[in-house]
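To start, the structure itself, in structure tokens.
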Amino acid sequence: METAPKPGRDVPPKKNRLQAKKKKPRRYWEEETTLTAAGASPGPPGNKKRNREPRPQRPKNANIAKKSRVSRKRQLPKKPRERRNLEPQRSVSGAQDPFPGPAPVPVEVARKFRRIDKSEKLPHSKSKTRSRLEVAEAEEEEISTKAARSELLLAEEPGFLEGEDGEDTAKIRQADIVEAVDIASAAKHFDLNLRQFGPYRLNYSPTGRHLAFGGRRGHVATLDWVTKRLMCEINVMEAVRDIRFLHSEALLAVAQNRWLHIYDNQGIELHCIRRCDRVTRLEFLPFHFLLATASETGFLTYLDVSVGKIVAALNARAGRLDVMTKNPYNAVIHLGHSNGTVSLWSPAMKEPLAKILCHRGGVRAVAVDSTGTYMATSGLDHQLKIFDLRGTFQPLCARTLPQGAGHLAFSQRGLLAAGMGDVVNIWAGQGKASPPSLEQPYLTHRLSGHVHGLHFCPFEDVLGVGHNGGVTSMLVPGAAEPNFDGLESNPYRSQKQRQEWEVKALLEKVPAELICLDPRALAEVDVISLEQEKKERVERLGYDPEAKAPFQPKPKQKGRSSTASLVKRKRKVMDEQHRDKVRQSLEQQPQKQEKAKPLRARPSALDRFVR
């Protein structure tokens, strides 16, 4: 039987706590502080031992007076403050960084991501508010710099179709483009021959991955058009006038002959909204979760799909509504009427925000670009016009077409597509923030039937066209934004990611009451309403609570607080305040210009009466 060893035999004695404390290992970037002994072989820093001298032992019977803790501490002279070594650090190999510090960011690139205008001076406010504004400016500067640095990761660049010297790109056919591009891009061009149930209206999902199309004779289908996988296909046995995806590809709104129906991605009917009847056009506002419907009866209805409640039902008083589009910038709905006007609507107002006289005849189609700057309209007078929506609402350019355009669509990069009969013309501009040039078409394509619907695919150089013969997917180089935000619209997201995105989008939903022409006006102070509220408060209370208290002189000693002296001091302060008000009013008044006196050779005695 084994016995426990005794503490005095073959067992090392327990080390003191200070001795058992391990020494911190030296890193390779730290300088060596201890010198090796002469003749000792070099080794790792943990194995180096210091030659310590033995401490003199105290006598046992010595009587040592106890000292305070402060006196025990060894007083060392203060060392002068060392300057930091500003030389660039060396790497492990000993090489020196040729470009020390962070990489410089161009001012133009950082200005593109900046949202605060530093040219405007801060208002004269309290010190606490002013410090908060300065902190917000500093954070904005840091965020814009980081965004400018991360722009290097956006490797994809938009490209356009360029012809040779003197070659017209409008004469290049789709077959020639398919032969020139790679296999993955060539597979994006296809034709669906569906003559039995046409004509067709179509719509792409917000991520650009799924396509939904509905025929006039009741055919409704959705598919993943990249892999050509059919998601659902049904026949509603009723005329389909328009079709739209909601906030995701899992829900689909179909405007049928009588009522509005909501389906899921399996073709199962979820809702039938009977309050929205005789619907002709549909538009969905993703940040507000609002589905806007235009009907034959002349009503514009807003349906909140998150709670299933109708937010507003507005009577346009313009007859049948069959021309409608949305402004992606401010979520304002544009309606085209038969009297040649385009009206702008918001659910917060019962009257239109603005009315624009666009054509001499009825308006056939309206489209707004992704930046909300330009609006394209076409009418019965065969005119195609582009308007500036930045407050002026004036036409920038116009073009007379041999056949009026019945359908218009803007791409993410500012390309304009117009469907005229069985021909689709596409015009391009100088860039995303410039209007398209209507002088020469960029591309032209002839279809097998009359155009009934146009829609550019997000993040893909593809234009979907619905016509009498089915659906056609055209290749349009340079139409879409090449880089997408994975947190906003991710074409490759999974089902779990889509569910998480839906929860975040619902938490960040914008109220319908905030829709207006200028979204930047929401952060400004309404001075008129503030003054009116202050005036009503003064009338209700009978006095101004924010007014400055009248001057009350402090009593003085030694008999100097008599009634006469107090009144005299009050009157002196009142006179000074009155002088300040008069001085301010004189400074605000415009100075009168003195009339120039006619030059005379000799002064006259009657000059004193000249005014």
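Cβ atoms are placed via backbone N, Cα and C, with glycine included.
Please treat TrEMBL annotations as automatic predictions, because they have not gone through curation.
Taken from TrEMBL, the feature compositional bias 'Basic residues' covers 14-26 (among others).
Sequence annotations record features per position, and here TrEMBL assigns compositional bias 'Basic residues' to 66-82 (among others).
Annotated compositional bias 'Basic and acidic residues' per TrEMBL: 573-584, in sequence order.
For 441-519, the entry in TrEMBL reads domain 'BING4 C-terminal'.
According to TrEMBL, the region 'Disordered' annotation covers 1-139 (among others).
Per TrEMBL, the feature region 'Disordered' maps to 539-611 (among others).
Under the heading repeat 'WD', TrEMBL lists 356-390. Beyond the ends of the repeat 'WD' (356-390), by six or more residues, the same chain brings 323-330, 334-344, 396-412, 414, 416, 418, 432-433, 435-436, 438 to within a C-beta distance below 8 angstroms of the stretch.
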Tertiary contacts of the compositional bias 'Basic and acidic residues' (573-584) (same chain, 6+ residues out, Cβ under 8 Å): 551
DSSP residue counts for the repeat 'WD' (356-390), split into helix, strand and coil: 0 helix, 20 strand, 15 coil
Mean per-residue pLDDT computed across the domain 'BING4 C-terminal' (441-519): 92
Three-state composition of the domain 'BING4 C-terminal' (441-519), taking helix and strand from DSSP: 17 helix, 22 strand, 40 coil
